[in-house]
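Scroll down for the structure; my scribbles are underneath it.
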Amino acid sequence: MQFWGRRLFLENSRVSAPISETKYIKASNRVSVYDFIKLAKPGIIISNSIAAFGGFWIAFVSSEKPLTGLAFFMTMVTAMLGTAFVMASGTVYNNYFDRHMDAKMERTRSRASVTGKMPPALILTYGSVLGIAGLVMLYSLNPLPAILGLAAFIFYAIIYTVWVKRASVWSTFVGSFPGAAPPLMGYCAITGEISVTAVMLYAIMFLWQPPHFWAIGIRRKEEYRAAGVPLLPVVKGNHVTKVKMIQYIAVLVPVTLLFPFSLGTGHISPFYFLTALVLGGIWIKKGVHGFKTDDDVKWAKDMFVYSLIYFCLLFFVMMIDSLVMFLIR
């Protein structure tokens, strides 16, 4: 009703509005490049692309016959764009299926998929073109990253979005399976096979996601409640969610410390070890502080921001350290 009422108002406005005003109204309802970008959830794409490049880079520096020059550049661009396109395809489909739910949430109700600015058919076409283009690019490198990308898309866009997100309190846990695919895809774009290192990268990404997204859940709990999403903070409350967040972080930290052993270089970097330990320790300390605070929303925002800092710094140090370790082996 809101969309149709707005449309009727605009049509009536054209009768009495000046020509310049009418042109402004028409232009404001055109689908813009920004609408397409926003629909793909660029924040998610950027963070996942960092992880994908981390996997790609670690596979590259650990390769017995690393690519050089133009071959390296073209492989890197193809792998990163292919992975980003497949991820964007999943988020666009997610927006399509969630458009009625998003209309009930303040932070999502302005999306073109919700307002009606972008028709459902266009959304599906956009998502499909991104997905097909991404899979073709990944397959041109080798079949494995394309297979992983297709599996992640189906799991995220269909199983998670359409079914689990609407039915289970553990949707964040389930969504972490496809969400952890980017570093695995980036790694396999070079190697064409899954190794212990690839599994460790997947595990790190998997364990990082629940505390990151539950922080959003606590901040936006009432919005999720209004939309009918049975997220953990909505169903179990903030206290239980805080406990689960700390549990995941507590498991994540030792996994990050064990990561260098998967490289098989025979060297363990004190710099990486201390960095991963300090970053993880700070996150745990912040998590424990959540049981002492009276402002859960402010605490959750701090946890969310730090989770991004942790993620970026960890992968950056991981990439630098892996290069150094293979140079001195």
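Residue numbering: from 1, along the chain as shown.
Note: Cβ is positioned from N, Cα and C throughout, glycine not excepted.
Copied over from TrEMBL, here are the features:
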TRANSMEM  39-60  transmembrane segment
TRANSMEM  72-97  transmembrane segment
TRANSMEM  118-138  transmembrane segment
TRANSMEM  144-163  transmembrane segment
TRANSMEM  184-208  transmembrane segment
TRANSMEM  271-288  transmembrane segment
TRANSMEM  308-328  transmembrane segment
For the transmembrane segment (118-138), give me same-chain residues lying six or more residues beyond its boundaries with a C-beta closer than 8 angstroms to one of its C-beta atoms, as numbers and ranges.
31, 35-36, 39-40, 78-79, 81-90, 92-93, 95-96, 99, 112, 145-146, 149-150, 153, 185, 189
State the non-local partners of the transmembrane segment (144-163) in its own chain: residues 6+ outside its ends, Cβ under 8 Å from one of its Cβ atoms.
79, 82-83, 86-87, 89-90, 93-94, 97-98, 131, 134-136, 138, 171, 174-175, 177-179, 181, 184-186, 188-189, 192-194
Spatial neighbours of the transmembrane segment (308-328) far in sequence, C-beta under 8 Å, 6+ residues away:
47, 50-51, 53-54, 57-58, 61-62, 204, 208, 212, 256, 259-260, 263, 265, 267, 269, 271-272, 275-276, 279-280, 282-283
